[in-house]
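This is the structure I want to talk about, given as structure tokens.
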Amino acid sequence: MVEPQEGKTRFHDFKLSNELMHAIHDLGFPYCTPIQAQVLGYTLRGQDAIGRAQTGTGKTAAFLISIISQLQQTPPPKERYMGEPRALIIAPTRELVVQIAKDAAALTKYTGLNVMSFVGGMDFDKQLKALEARHCDILVATPGRLLDFNQRGEVHLDMVEVMVLDEADRMLDMGFIPQVRQIIRQTPPKSERQTLLFSATFTDDVMNLAKQWTTNPAIVEIEPENVASETVEQHVYAVAGSDKYKLLYNLVTQNKWERVMVFANRKDEVRRIEEKLVRDGINAAQLSGDVPQHKRIRTLESFREGRITVLVATDVAGRGIHIDGISHVINFTLPEDPDDYVHRIGRTGRAGTSGVSISFAGEDDSYQLPAIEALLGRKIKCEMPPDELLKPVPRKHH
């Protein structure tokens, strides 16, 4: 039993089913994060909602708990075919879909609800077999792959009771909206389904889509600043470009860090850093658009399980990664878009734990700092790294 605590909402307060509470308890979530407390207050009553929240705020569990409650309370239709999901979650990237499906599997553990996911770059026939084997309650998919199945007549969306659009701003940026429209047209009219839309930003374009697809939605905004700055201790080291690798190597080895993410701006840079780390005896792996999907998923699993210490990634590849216990984020190069800085450092300090970010500012990228500080609304102290962190990397005897 979770004790009441002032200023905090317990999951217990929402009258969720025993099966769902059991799973939430297994995951070790005693209290709701702010977005969970606010969103669930509306969505559990069946209301539509638009949430502005970045990753790391707990929004995935918010919409999943809402979906599971809804599906548990309404019996499935009598006439039901394979390939007719009752809840549909659309997300822009493969990583995000895999992550949401994993969270959904954990939360539905005791409910008997089936979760399926479709992503491009994975074996089509294997996904099809899974679909034909049992009823699908919750379907998580990227827009393109969902349309493939839909156009082949394998998936029908006429039974969708709840629809979630995650990272709507990102879907806009990636040009997925025409596909999303095609998908939504095949679901029941908005008056007959519950629709939840999440976005890191509320631009006019996002709000227009929300207006078209939702009915009298509750609008929930969780300020992004505290995601970045309150739980993450931020440092900047002024360091010459040629010394950045030495600094990275020494930070990881001298501190014996166990789970670190390193961000760089370009794929070739990511590859180079990873190759050097591996050569110097560190368990490292890379994630970028060049890495085939099956390998990306294996890499993420190894990182989650601690077999990989350092994961080097580009912004696009790193954006959908939600792995608890990342102690440090290193910006090997400062990002060109200040928003990416917030997303990067948000990989650590997740769900209320503290984390550390260290940015390397060199002659090529330190000019990005003022824009990042403007977005954060404060200065980040720039320090010179201590000498022991710039020691030459010992050459391994091959």
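The backbone N, Cα and C atoms fix where each Cβ goes, glycine too.
Checked Swiss-Prot, it gives:
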type	residues	note
BINDING	Ala53, Gln54, Thr55, Gly56, Thr57, Gly58, Lys59, Thr60	ATP binding site
DOMAIN	40-220	domain 'Helicase ATP-binding'
DOMAIN	243-393	domain 'Helicase C-terminal'
MOTIF	9-37	motif 'Q motif'
MOTIF	166-169	motif 'DEAD box'
Would you kindly list the residues that approach the motif 'Q motif' (9-37) from elsewhere in its chain, counting only those six or more residues past its ends and only Cβ-Cβ distances under 8 Å?
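Same-chain contacts beyond the flanks: 1-2, 44, 51, 53, 57-59, 61-62, 65, 68-69, 72, 106-111, 220, 222, 351-352.
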For a three-state summary based on DSSP, what are the helix, strand and coil counts in the motif 'Q motif' (9-37)?
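The counts are 17 helix, 2 strand, 10 coil.
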Inside 10 Å of the Cβ of Thr60 (ATP binding site), count up the other Cβ atoms and send me the figure.
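Result for Thr60 (ATP binding site): 25 neighbouring Cβ atoms inside 10 Å.
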By DSSP assignment, list the helix, strand and coil residue numbers for the motif 'DEAD box' (166-169), in that order.
2 helix, 0 strand, 2 coil
Within 10 Å of the Cβ of Lys59 (ATP binding site), how many other Cβ atoms can you find? Include all protein chains, please.
25
Give me the count of other Cβ atoms within 10 A of the Cβ belonging to Gly58 (ATP binding site).
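Taking all protein chains shown, Gly58 (ATP binding site) has 21 Cβ neighbours within 10 Å.
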Tell me, how many other CB atoms lie within 10 A of the CB of Ala53 (ATP binding site), whichever protein chain they belong to?
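A 10 Å sphere around the Cβ of Ala53 (ATP binding site) contains 25 other Cβ atoms.
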Including all protein chains displayed, how many Cβ atoms other than that of Thr57 (ATP binding site) lie within 10 Å of its Cβ?
25
Give the mean pLDDT for the motif 'DEAD box' (166-169) on the 0 to 100 scale.
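Across the motif 'DEAD box' (166-169), the average pLDDT comes out at 92.
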Where does Thr57 (ATP binding site) sit by DSSP, helix, strand or coil?
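Reduced to three states, the DSSP call for Thr57 (ATP binding site) is coil.
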